[in-house]
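Some notes on the structure that comes next.
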Amino acid sequence: MLTSYSRVLSRPGTLRFSATGLVARLPISMVGLGIVLLVSARTGSYAVAGAVSAAYMVLNAGLAIVQGRLLDTLGQARVLAVAAAVFGLSLALLVWTLVAGWPILATYVCAGLAGGTLPQIGSAVRARWSHVLDDTRDVQTAFAIEAVVDEAVFMLGPVVVTVLAAAIDPVAGLAVAVLACVGGTLALCAQRGTEPPARGPRRSTGPRVRMPWATVAPLAVVSAALGTLFGAAEVTTVAFASERGAPGWAGVLLALWALGSLLAGLLTGAITWRRGADLRVRWGAFAMFCAMVPLHFVGSVPVMGMVLLLDGFAIAPTLIATMSLIEAAVPAGRLNEGMAIVQTGLVAGVAPGAALAGVVVDAHGASAAYLVSAGAGLLAALAAQALPRAGSSA
């Protein structure tokens, strides 16, 4: 296992840009929760806090593809540095609107601007791996590393922001998110030796680099369905723990789910796959569906922890295969954009999944709400069947 990872991390600059990418990605799991904690503390309303956080998430999903296209066209250093600066300023202004008692509309505007300019570090780092590595197996291992980094981010970020909010002030959590984003992003931008070359603006007389929509469109649907699955499962798991009189165990249950995914990601990167990424996406999406069904029947917190740990093993391999398929199908000149489309699907699916699960929890309880995640997994599995078969044109 270690041989595969040491081979890719020994390439000049790879360990540095992956490590700085981890730091720069921390806000992904910190800002949404941090906004809820801050706004609810200052206004006394969780409804307002949720709406402000939603404004942040919606603009993040809506403009990620635009930023991905700019990364391909203008280059990472130029786009990410500007995005990080605007992101940091927007969050600082968001805090000030609450401290100074400005109209709540200003808070919404700042939240949306911050979401729309959050640097797309995940896409940028994966594009660097694709640029630096030539062997498909090495790219697979590199994407497994990034999947593990993603899981680490989602395990660490919420803990950091909640501890800082409780021990100091909700502002502290957002302040750390800004520092991590700006500092990590600028450090990544400074590493010009591993940056993919910019495509440059398309000339009217030149050919347009074609996006393989036959592959990208089904993957976008798969990603959106998986995002819905994640959003629904998170809300439902919190409700499940509360219904069993153990609300404090909700974080442990979700951490076990992420731990299973992290371990599976490490194993995935060490395996030399004989099957194509398209087949692994199909089986992975089907495994996600199958993993969600038993949750409806679990009755105790300890058993739920064990089941979620096992279920987590389906997550990272599916996401790694998805990114590997994008990397193989999308031309280098539009790779950031292609990856941003998939990641936008994941982000865009979370909110409706969480909302629908919340409605079901209120009406029928947490166990029934796990069927929302199962339904989303079924949609992902069906959408994956639309992917072109290996060797067919895309």
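Backbone N, Cα and C atoms are what each Cβ position is placed from, and that goes for glycine too.
Keep in mind that this is a model prediction, so the values were computed, not measured.
TrEMBL lists 161-394 with the feature domain 'Major facilitator superfamily (MFS) profile'.
Residues or ranges marked as transmembrane segment in TrEMBL: 21-40 (among others). Within its own chain, the transmembrane segment (21-40) is flanked in space by residues 46, 48-50, 52-53, 56-57, 84, 87, 91, 94-95, 98, 107, 111, 114, 118-119, 121-122, 124-125, 146, 149-150, 152-154, 156-158, 160-162, 165, 170-171, 173-174, 176-178, 180-181, 183-185, 187-188, which lie at least six positions past its ends and keep a Cβ under 8 Å from the stretch.
Non-local neighbours of the transmembrane segment (46-66) in the same chain are 31-33, 35-40, 104, 107-108, 111-118, 120, 337, 340-341, 343-344, 347-348, 350-351; each lies 6+ residues outside the stretch with a CB under 8 Å from one of its CB atoms. The feature transmembrane segment is assigned by TrEMBL to 46-66 (among others).
Annotated transmembrane segment per TrEMBL: 78-99 (among others), in sequence order.
Annotation source TrEMBL lists transmembrane segment at 105-122 (among others). Beyond the ends of the transmembrane segment (105-122), by six or more residues, the same chain brings 21, 24-25, 27-28, 31, 35, 39, 51-53, 55-64, 67-68, 71, 80, 83-84, 86-87, 90-91, 93-94, 97-98, 146, 150, 181, 184-185, 188, 336, 339-340, 343 to within a C-beta distance below 8 angstroms of the stretch.
For 143-165 (among others), the entry in TrEMBL reads transmembrane segment.
The transmembrane segment annotation in TrEMBL covers 171-190 (among others).
Marked as transmembrane segment by TrEMBL: 211-232 (among others). Tertiary neighbourhood of the transmembrane segment (211-232): same-chain residues 278, 281, 285, 288, 292, 318-319, 322, 325-326, 329-331, 334, 337-338, 341-357, 369-370, 372-373, 376-377, 379-380, 383-384, 386-388, 393-394, selected by CB-CB distance under 8 Å and a gap of 6+ residues from either end.
Look at TrEMBL and you will find 252-273 (among others) tagged as transmembrane segment.
According to TrEMBL, the feature transmembrane segment maps to 285-308 (among others).
Residues annotated as transmembrane segment in TrEMBL: 340-361 (among others).
The transmembrane segment annotation in TrEMBL covers 367-387 (among others). Residues of the same chain lying 6 or more positions beyond the ends of the transmembrane segment (367-387) and with a Cβ under 8 Å from any Cβ of it are 215, 217-219, 221-222, 225-226, 228-229, 232-233, 235-236, 239-240, 278, 281-282, 284-286, 288-293, 295-299, 325, 349, 353, 356-358, 360-361.
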When counting Cβ pairs under 8 Å to the transmembrane segment (78-99), the leader among 143-165, 171-190, 252-273, 285-308, 340-361: 171-190
For the transmembrane segment (340-361), sequence-distant contacts whose Cβ falls under 8 Å of one of its Cβ atoms, 6 or more beyond its ends: 54, 57-58, 60-62, 64-65, 67-69, 71, 120, 122-123, 216, 219-236, 239, 322-323, 326, 368-369, 371-373, 376
Confidence summary (mean pLDDT) of the domain 'Major facilitator superfamily (MFS) profile' (161-394): 88
